[in-house]
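Here is the structure we will look at.
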Amino acid sequence: MATQTPLSQSPLIIALDYPSLDAALCMADQLDPTRCRVKVGKELFTRSGPAVLEALHGRGFEVFLDLKFHDIPNTVASAVQAAAEQGVWMVNVHAGGGRKMMQAAAERLQAQRLQTHLIAVTVLTSMSAEDLGEVGVASSLAEQVERLARLAQDSGMEGVVCSAQEAKALNACCGKEFLKVTPGIRPSFAAANDQQRIMTPSAAMQAGSTYLVVGRPVTEAPDPMAALAAIETELTEH
Ligand SMILES: O=c1ccn([C@@H]2O[C@H](COP(=O)(O)O)[C@@H](O)[C@H]2O)c(=O)[nH]1
């Protein structure tokens with residue numbers, strides 16, 4: 001399969017965290033696929049299935065399927081293959097699934113000549129140092145993110161999901177080409193909600209994020225398109 005030219009030069013990925021296909025498409029119809037990508041997560045995919053991918057692809061969007069696969073290697077490799085065969089632009093697994101799991105997924109894409117970007121989640125942006133300690137990780141948050149990012153890179157991942165707070169350190173240890181996909185983006189006008197490790201859009205780009213994942217600051221704003229425009233303005237002015 002030939003490498004595709006990216007549709008959008010924007011780093012923005014809008015998280016379509018909606019409970020129905022109709023609600024997600026209502027938002028997608030206000031967005032421009034040349035100005036952002038979209039993300040389909042667990043809620044929307046569980047409710048609407050592959051139909052949502054077809055509908056978004058039909059509207060010209062590049063789609064990040066954020067299902068964070070975490071299972072035995074063969075199961076994850078097959079799930080990643082299934083996602084890639086549906087034409088998604090990006091898919092992810094949990095780095096905590098380990099080297100064999102990540103390698104199996106990467107090798108499957110390669111064997112099938114599928115071009116979908118494969119990345120791994122390090123430590124969820126909703127987690128604090130205290131949360132990490134509670135699940136038995138003794139190292140600091142920064143150390144754990146770096147350990148998982150290095151393992152992900154070594155296992156054939158093209159990048160990681162991390163918070164923008166870790167982007168600078170990961171640029172130093174894994175290089176600038178290694179993708180840093182960062183949720184927990186909060187413009188000054190937005191609430192943190194359940195996110196613990198947050199940054200504004202402009203600070204995240206300055207820190208070295210490759211892509212910014214933005215959900216509720218846009219989707220739950222009184223005027224979503226005005227919120228998106230404010231983020232775009234912030235990004236162009238910095
Ligand atoms: O560590 C992670 C991994 C994934 N996410 C997802 O990103 C969006 C963020 O949405 P907001 O509304 O902007 O908080 C959401 O779909 C998460 O599932 C994440 O936040 N952190």
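Placement of Cβ uses the backbone N, Cα and C atoms for every residue, glycine included.
According to TrEMBL, the protein has these features:
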type     : residues                                             : note
DOMAIN   : 11-231                                               : domain 'Orotidine 5'-phosphate decarboxylase'
BINDING  : Asp17, Lys39, 66-75, Thr125, Arg186, Gln195, 215-216 : substrate binding site
ACT_SITE : Asp66                                                : active site, for OMPdecase activity
ACT_SITE : Lys68                                                : active site, proton donor
ACT_SITE : Lys68                                                : active site, for OMPdecase activity
ACT_SITE : Asp71                                                : active site, for OMPdecase activity
Cα proximity to Asp66 (active site, for OMPdecase activity), best match among binding-site residues Asp17, Pro73, Thr125, Gly215: Asp17
Distance-selected recorded positions near ligand 1 (C-beta under 6 Å), from Asp17, Lys68, Pro73, Thr125: Asp17, Thr125
Cα distance (Å, whole number) from Asp71 (active site, for OMPdecase activity) to Gly215 (substrate binding site): 26
Least buried by Cβ count (within 10 Å) of the recorded positions Asp17, Asp66, Asp71: Asp71
Position of peak Cβ density within 10 Å, selected from the binding-site residues Pro73, Gly215: Gly215
Other C-beta atoms that fall within 10 angstroms of the C-beta of Leu67 (substrate binding site): 17
Lys68 (active site, proton donor): secondary structure state under DSSP, collapsed to three categories: strand
Protein Cβ atoms within 10 Å of Thr125 (substrate binding site), excluding its own: 23
